[in-house]
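Annotated in Swiss-Prot:
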BINDING   H335, E341, H371  Fe cation binding site
Amino acid sequence: MSEYKYLSGFGSHFSSEDERYPNSLPVGQNSPQVCPYKLYAEQLSGSAFTAPRTENMRTWLYRKLPSAAHLPFQPFKGAEYFSQNWDEQPPNPNQLRWKPFDLPPKDGKNVNFVEGLHTVCGAGDPRSRHGLAIHIYSCNGSMDNSAFYNSDGDFLIVPQQGVLDITTEFGRMSVAPNEICVIPQGIRFAVNVDSPSRGYILEVYDDHFVLPDLGPIGANGLANPRDFETPVAWFDDRDVKDFQVISKFQGRLFVAKQNHTVFDVVAWHGNYVPFKYDLSKFMVINSVSFDHCDPSIFTVLTCPSLRAGTAIADFVIFPPRWSVQEHTFRPPYYHRNCMSEFMGLILGKYEAKEDGFAAGGATLHSMMTPHGPDVKCFEGASNAKLVPERVAEGTQAFMFESSLSLAVTKWGEETCQKLDAAYYECWQALKNNFQITKN
């Protein structure tokens, strides 16, 4: 996997050919009467044809057989806990915390990426192209002779344990913990693993993930475009006679059989592509004077809504950094938010709650549900000597923040048996320190 090659950039128009078949891209046009090597030309659209040029997304694929060459789709009976039913549980406004989600049992059958999808929470409706879902994947087997694609939206995948070897129609990429990848709507992919693997998925229905505007930060900072990587063209030259394609369509899974692999794209060009990003390359912005900055300064990617400055979903990280603020309570402040905050932990311990929030687990603080540092964190930070120090060293926490009110599935609230009923206790020992006279 380390030998995989990539194209650098975000939102760029790329061109790529499998090096085994040079000159496989048509010259000067997209759809010649006969394509080089007698390939089929197929356009994959990620936006309306008439979308503004700055937002128009599409890629031309040159493949051995068109994607339409398959048998009819039938309901797929795997992935029992992959759901888009937001009404199966009553609303729960409490602070929620999950202990690390289970990996597949060592003595059980192999579970691949699709079979190991479990939905935790979400909102909206993929049929109206509005909303999101948050899933956990837990797998110990590879997707042999099969592929998956999402008709409903984009997947942002956050590995927490185990390296994902992902084959897409565009080529191959390796995604390890502390890296992420995005598979846009409709792009077919397969996940191979060589050890038990677990991670988080943010699925958005509305639009695609983009880089946040930088405003007064300037032209550089946060996640820089040059650090995003898109795989180079590669096709599977095996003669596969029994292949299945799994589709997520209107919130449900379907499967179709065909007598050839979908990974037969010899060349492609366009700007609608899968990509990966190494979170260690994020350029952190922080206060160098006083006060705790809002977490929006840690935004890696965003899926914007129609309301200016308000996201359907933001992907935010809390990376290792220097903390130097003077006369300041440095950890995250106590908060009631008009947004929903789902947090996960990839590595180490989270700075505001070192106890109880473990790697592979999660928290959900719903709209206007109060949250903030636990007693240990508050007392420690209130009395700490304020010297420059490294924080979050050896850790990587992240947040999926959304303007939508998220409903928790039955699997998330009951079946997984990971919900920590004692979470609320971390705030119960907070004292009333009010003094009539100022400090």
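Yeah, the Cβs are placed from backbone N, Cα and C, and that goes for glycine too.
Ranked by how many other Cβ atoms sit within 10 Å of their Cβ, the binding-site residues H335, H371 place H335 at the bottom. Around the Cβ of E341 (Fe cation binding site), the same chain contributes T363, L364, H365, H371, M399, F400, E401, each under 8 angstroms and 6 or more positions distant in sequence.
Listed in chain order, the extra residues whose Cβ falls within 8 Å of the Cβ center of the Fe cation site residues H335, E341, H371 are P332, R336, N337, H365, T369, P370, G372.
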